[in-house]
Amino acid sequence: MPADPRERDPGLQPERTALAWQRTVLSVTVGSLVLAATAVRLDRPVLAVAAAGVAVAAMLPIVLRIPDGDLPAHGRLRSWGFLSRVVWLVVALGLLGATTAVTSLVVLG
Amino acid sequence: MTDDHVPPQPDRRRPRSVYEVGTEPDARFSLANERTALAWVRTGLSLVAGGIALTSFATFADLSGVLDVVAAVACLAGASLSIWALVSWARNERALRRDEPLPSPRALPVLVVGVVAFGLGLAAYAVVEALA
């Protein structure tokens, strides 16, 4: 652990990690909105609302929490909570996507 | 150096299976591990997005039901891969804390074989459709 975790890292590790978070969350949001649009086209409002709900859930922490590069002042990283949260959102999106694909198979043949 | 910055309270971070072993590594290594896990999540997400895109195109272009089955499989594979991201994050963080060599990326060969099979399958479908 560096002496002072707030000390500037020349490798910009906290910044790179924050950017990795941003593109992951952005991808989840875009993916769920595309799925919502597809569900609307298939005339399945429940699926559309569920997919839009994934997008909202992905964006909520950005609105509610100040981005600090996830590096608390005491230097102890807390990755697990955020990581498992985004993983379960992707799993939810995967299950919704599979359900939509099966629905499309049934509706369109 | 350490007296000023190590908090007096015990380490209560979850999961315990990771944080109760070894010693705290350089925060930069943990951040790199976190970015690796996020890259795996995005890889899984790309598979999910590919599946969603296929379904989406199928609703526009009235494509065969085979593509919907392929899309469902891609979505489920992507979900499994992002769960693997959590598992591999925990394995790597444990190895970092114990100062051991990092475990080999076991999902990588599975991913490569899966993507190759996916690509070949879609190419075969395109050829069959073109000839039909």
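Sequential numbering from 1, following the chain as shown.
Any Cβ shown, glycine's included, is placed from N, Cα and C.
Keep in mind that TrEMBL annotations are predicted by a computer and have not been checked by a curator.
Sequence annotations record features per position, and here TrEMBL assigns domain 'DUF202' to B:28-95. Summed and averaged per residue, pLDDT over the domain 'DUF202' (B:28-95) gives 93.
The transmembrane segment annotation in TrEMBL covers B:37-60 (among others).
Beyond the ends of the transmembrane segment (B:66-87), by six or more residues, the same chain brings 37-38, 40-41, 43-52, 54-55, 57-58, 107, 111, 114, 118, 121-122, 125 to within a C-beta distance below 8 angstroms of the stretch. Per TrEMBL, transmembrane segment is recorded for B:66-87 (among others).
Beyond the transmembrane segment (B:108-128), the same-chain residues lying 6 or more positions past its ends with a Cβ under 8 Å from any Cβ of the stretch are 43, 64, 66-67, 70, 74, 77, 81. According to TrEMBL, the feature transmembrane segment maps to B:108-128 (among others).
Outside the transmembrane segment (B:37-60) by six or more residues, the chain places 67-68, 70-75, 77-86, 88-89, 92, 107, 111 with a CB less than 8 A from a CB of the stretch.
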